[in-house]
């Protein structure tokens, strides 16, 4: 169906749900939609002050549309939406185009997106590494009116169900036959239009699946005041609809709307909000939001993902720079992931949609408690997001079993290794007073354990451009603090080993980097230190505080995402400026 490399959709779809099911499997369970097409077009110099809005560029500057599609793909998008939201046969005819010319312009919107996908895929090591769908946008009747009606949902009594079906039918057919993977019925403002879409799809002439997305101004109903649950139920009942969601809605409403959608559908949920503005029907323009402000877009993604959204992107005023970093969401292994920084890393990766195998040693209680919390939002008990495995990382047999378990639980494609397991002598002895036993303990876990895990990963991580290895050192390697001689030496070895390994992995697409935290508020840090010791260390940090495990987890999340794909063979000292 074209998601691998630019071919057109098949002529028939026996199972409409197959495309979305297979696509989400390829993206690891969560996919990234693009952002506001018009916003990016305007940032590239396009004048969209026209009833056709972004569709104006189909006539004047199609090259800009192609560029924006490519920009979103480079930013990590798995779905690009065509410039046909406000493109209608009637709208083009009002500009003097014939019916045939108008239909060709509709087709052109799809062709441009398909070309962009093909260009993008040709630059990739393999088409499998970055699956891409082309979605043909279909805006509402109100979008065609270009008077803000799609943000109110009231078309007047003269607009009936049959009126809407007659208006949309041919447009839907033309777009579907142009070869997209899916139809995107966007910014649907009322129940009547949703019903019209569903009936057109069920008439039999459309052979590809679709999604329905609605807009809301209050976080409860669609903008017309119709019940979101009633509207979503129409989408859920339509056999051609394979995803249901929300777009062009303030981010602060999205979490609650996801929970509402889950009450009426088990189909994948998509969300692509705006940046928080609201439409003023009296002024007929968008105005700044009042009341509760919307925070950073990416900060919302974790909450939406945990709530159940599996397709996430942006709408008006959301650009490529706002897209959430995408992860290869199959198996990944985190050693020492049950406590401290490891726990925060594991939780953060799961919140981004990852499936995590946590390696622990000792009592299983803490790791099982963490895994239980992570799996609370899994759809079924048989599809966990995380599991815990007892593993002594200094034993080769344990490490092999750890990777085997990851493959058998989450599939053979293992993408990421993060090694946070560490041992420290909490007496902080001078080198002359360090026992051989403690030396062996630190080097066995910190150095040998990292070596065994990295060796296994170097042979087993998927070679598709998304393989990531993140090892852990310590900023103590550079600070030369007394009492840390052996610990710093064991971590310094990790830095050298990782950087050389990164060079040895040339051609595999696997990156290898080191994270070296500074003083971070974990049990490992506090153990053996007095309050005065802690205060003195904080005083050395220019930012005037200890790091938090979440600070480190965010960095790891970046390094293992697509956004971190150009970072390789680096030691990143995340320490608040402490040197």
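Please read every residue number as a count from 1 along the shown chain.
Cβ atoms are placed via backbone N, Cα and C, with glycine included.
If you check TrEMBL, you get these features:
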{"type": "BINDING", "residues": "248, 315, 316", "note": "Zn(2+) binding site"}
{"type": "DOMAIN", "residues": "19-330", "note": "domain 'Hcy-binding'"}
Residue 248 (Zn(2+) binding site): tally of other CB atoms within 10 A of its CB: 25
Under 8 Å by Cβ from residue 315 (Zn(2+) binding site), same chain, sequence gap 6 or more: 35, 36, 247, 248, 249, 272, 273, 274
Within the predicted model, mean pLDDT of the domain 'Hcy-binding' (19-330): 87
